[in-house]
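A.B. asks: Have a look at the structure that comes next, please.
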């Protein structure tokens, strides 16, 4: 009966499995430290705290040992590597193992399926399932759990339910983990009523919901604005002696701050402390983000300083959130102080950090500082992206450096394969503002040749420029084209607020 699963699920054959990972993807020359005998490493607690580079070194020591280690030994290393969330590496190791003639067993196949699912490569996961069953291995409930998670990860909820039906027909009984996976997928798809029905089904079957079940449902209900249902769920959770954990509190706090209910979020934080649940980085990051969103920068900085005193130290996300908050409200020098502190504490600024600061200094007219940050970013080997270039382009335009903006724009077109309509909108808008409507019109007319399709914003900018400084005939022609393309409503909506929509904030929102 269980062979139903082969025909019902694993319709994808194992073709292409060996080609899924490029052997050069992770670099064969990864740093390898000298190990004592690999058996000693596997026997001790080394795997519990293994680092990525150590996993690589240990793997290559194992495959070059004589005799070769057993699949049980390799499975222990695969498990440890998967726990590091290095799923592609596990796939790479598995590929190498096959080349060395090391045969998989049920456990290693299950790990491989799990990693393919985590990488959203379901066709390969199903290929492995088919292969293992052809070799006589029956999948376990853990194997099916990984596949379920994979289906839910790519929003194939219908396929996930079909898999559960096949599991039941084949004699497998869904457990709490299976139900939790389905409930999570349903909540993320907005199917909360079905998720709640599954909770009732669990109770009827005598499967007690755990803290993960309730956390998932609470988050889904809150994000859908079903506050009364969420409150009822929380009461039911505590009534069943399932104590809220850090995930519960953090999820609720995050929802409250995003909804603008900051007072409720802070009350929940106090309740969290009173319940002896220690907030983590995610908790503090959510609170800081909410405070920054609503302009309460003093409170955000106070919370930032509070973290360390509570033994929870800021990470890159924390710094980026607060820097973004300061820059949003034009307090760029405060943002720069945090950037410098971040570097002193050993954190490497990422592309988001640099883009935020460059944008902030462009907004306050300190273009020279923005360009210096850009140069520093490149010197630190952080590669600028299209957003970085668009922010600088916009900064040059709004600060009257239109000739420099044209040079920048031409550089972007030469270096980027596709710069997109946003960059064109910024440049056309800058030219119109600088009374260079003819040049803007030339650029607009070049869009089809460049393979870039104008959007409502492009038409609006160009029509306004023509109405102010150019021939009305071309403006009328563009309005006619907008009607033909069904975007005249956008023009009407913006027509009453022309100055507002040509502001730097509105323009840059198209970039970020």
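Cβ coordinates come from backbone N, Cα and C, glycine included.
Sharing the record's features from Swiss-Prot:
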TRANSIT   1-34  transit peptide
REPEAT    70-104  repeat 'PPR 1'
REPEAT    105-139  repeat 'PPR 2'
REPEAT    140-174  repeat 'PPR 3'
REPEAT    175-209  repeat 'PPR 4'
REPEAT    210-244  repeat 'PPR 5'
REPEAT    245-279  repeat 'PPR 6'
REPEAT    280-314  repeat 'PPR 7'
REPEAT    315-349  repeat 'PPR 8'
REPEAT    350-384  repeat 'PPR 9'
REPEAT    385-415  repeat 'PPR 10'
REPEAT    420-454  repeat 'PPR 11'
REPEAT    455-489  repeat 'PPR 12'
A.B. asks: So which residues does the repeat 'PPR 10' (385-415) touch in its own chain, when a touch means Cβ under 8 Å and the partner is 6 or more beyond its ends?
C.D. replies: 351, 354-355, 358-359, 361-363, 365, 367, 370-371, 374, 377, 422-423, 426-427, 429-431, 433-434, 436, 450, 504, 507-508, 511-512
A.B. asks: Write out how many residues of the repeat 'PPR 8' (315-349) are helix, how many strand and how many coil, based on DSSP.
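C.D. replies: Going by DSSP assignments, the repeat 'PPR 8' (315-349) contains 26 helix, 0 strand, 9 coil.
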A.B. asks: Give residue numbers and ranges for long-range contacts of the repeat 'PPR 4' (175-209): same chain, 6 or more residues beyond its ends, CB-CB under 8 A.
C.D. replies: 141, 144-145, 148-149, 151-152, 155, 157, 160-161, 164, 167, 216-217, 219-221, 224, 226, 240, 242
